[in-house]
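A short worksheet on the structure shown next.
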Amino acid sequence: MFRHAFSKSSPAFLAGGSAIGGAIAGLMWSGERNTSSSTACDSSEPSNQSVIGLLQELSRKVNNLESLVGGNPGSFPARSTSSVTKSGTQYGIDIVLGAQWGDEGKGKLVDLLSQDYDVCARVAGGSNAGHTIVVQGKKYKFHLLPSGVLNPNATCVIGNGVVIHIPSFLNELDSLEASGVDYQGRVYISDRAHLVFDFHQEVDGRQEDRLGRHKIGTTKKGIGPAYSSKINRNGLRVGDLQNWDHFERRFRELCTHHERSYEGLKIDVDNQLAFYKTVAERVNSMTIDTIDYTNKQFEAGKRILVEGANATMLDIDFGTYPYVTSSNPSVGSVLTGLGVSPGKLRGIYGTVKAYCTRVGEGPFPTELPLDEGTPGEHLSQVGAEYGTTTGRTRRCGWLDIPQMKYSALINGFTSINLTKVDVFTGMPEVKIGKAYLHNGKYLSSMPASLDVLSNVGVEYEVLPGWSEDISNCKKFEELPENCQKYILRVQELLGIPIRWIGVGPNRADVIDRGEGWDLATAGTNQ
């Protein structure tokens, strides 16, 4: 836990810097001394041996430094990115991200964590995202709102990186209010967030239909076309509604542009404008400069939680392009979609389903058939694998370690939230995809080529399953032995602490190992 609090201004950091500096200086001095005493006739072997010895000495010094700053040199070196207020209080922005292809269970962890946070934020995507939260047997479905809205003491921020379809957003608020949740005065929208219009959604559907069997598999929520308008610099932002004449002029121009670009597209401009004029006051009452607000909340020492949407493998840059979303659901979106600096980030929590699922098209190396009586059917049926947004049946497969390592490399996860472990109950065996092979050779990195990724072989490790119900387990040691072995093996393969373990669908069905659980304490009760 000391590492999480480790500050650049601390004595340990200064001492550590001196230790590293001394080790490097010693290495340089020794190298110079050995060089000056050698001759052209000296063989290379003694020189190589001396370099090895020097490197070993440097390694020992670095290990000593690790012990100094971390307390336990055998523990997993968690990142220390928390900031310190003038009063000495440590704080930072924590992030929950999807580590696979989405639908990992991010919303549940956000709901669990958000009870202790002051601000919950969304930073990317739009109503194509979907989170389902179960509280006291009651289901709440979120698409644009952060799941943290269920915490009555938290304010919710929709950042500038999100694209917002106002009708869907207002319907979501009305549905929430009808469920007895009071959101008034707690939901803020960035004035810089771009708008999704109905014609964006129609264009989205047309583009998918035009692609035929090569379709991307989008949700047809207009996300891609809205981001296209943003990049083309002709889009409208939420803040534009604060100046009606400006909004009306720009909206008419955008409609004309789309009607000229898409044959047969007809937009009822006057009807659309009438709707936005009706809701403008309501939207404007929630519209603020969220960049200024969020940073001021940070400086005031407020705890901030970012809820990621979609997932890394759907990232426009890092995902299985072109079968991706149109935004960056990886860690970079927190900076660009909320307007905060990197030094303000603290915990980066990767949410990983115990098996893989995917909605839509694209490569899926560990995919299983969903035929009756197969492991794939078990995962699909027991896991209720149907999209929150689309209702489509999700594709299912075994956990994919190469994909997970790639995701961890990009995001720098400090802890893992392993969800839906309970779905494995009743399976005689479970598998973990350990490595990719292509043309008989192991791949050392995630291939960018879809042709390669679609044709990789997967090397699996088979572990025994379990039959016991784990939904009532509250501690790690209460889990069946085979379940524990599975979790520990995944942790070992990833090299990242698994802090949270999902054992059921309800809000409380989570084992939290606590912040101090690292690789050195695996298998012990914290």
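Quick reminder: no glycine exception, Cβ is built from N, Cα and C everywhere.
Among the candidates Arg392, Arg489, Arg499, Arg513, the residue that Swiss-Prot annotates alongside Asp103, Glu104, Gly105, Lys106, Asn128, Ala129, Gly130, His131, Thr219, Arg233, Asn310, Thr325 as binding IMP is Arg392. There are 29 other Cβ atoms within 10 Å of the Cβ belonging to Asp103 (active site, proton acceptor). Taking the Cα of Thr219 (IMP binding site) as the reference point, the closest of the recorded positions Lys108, Gly130, His131, Val503 is Gly130. Secondary structure from DSSP puts Asp103 (active site, proton acceptor) in coil. Listed recorded positions: Lys108, His131, Arg392, Arg394. The one with the lowest count of other Cβ atoms within 10 Å of its Cβ is Arg392. Residues near Asn310 (IMP binding site) in space but far in sequence (CB under 8 A, at least 6 apart, same chain), listed by position: Gly98, Gly102, Ala124, Gly125, Asn128, Ala129, Thr325, Ser327, Pro329.
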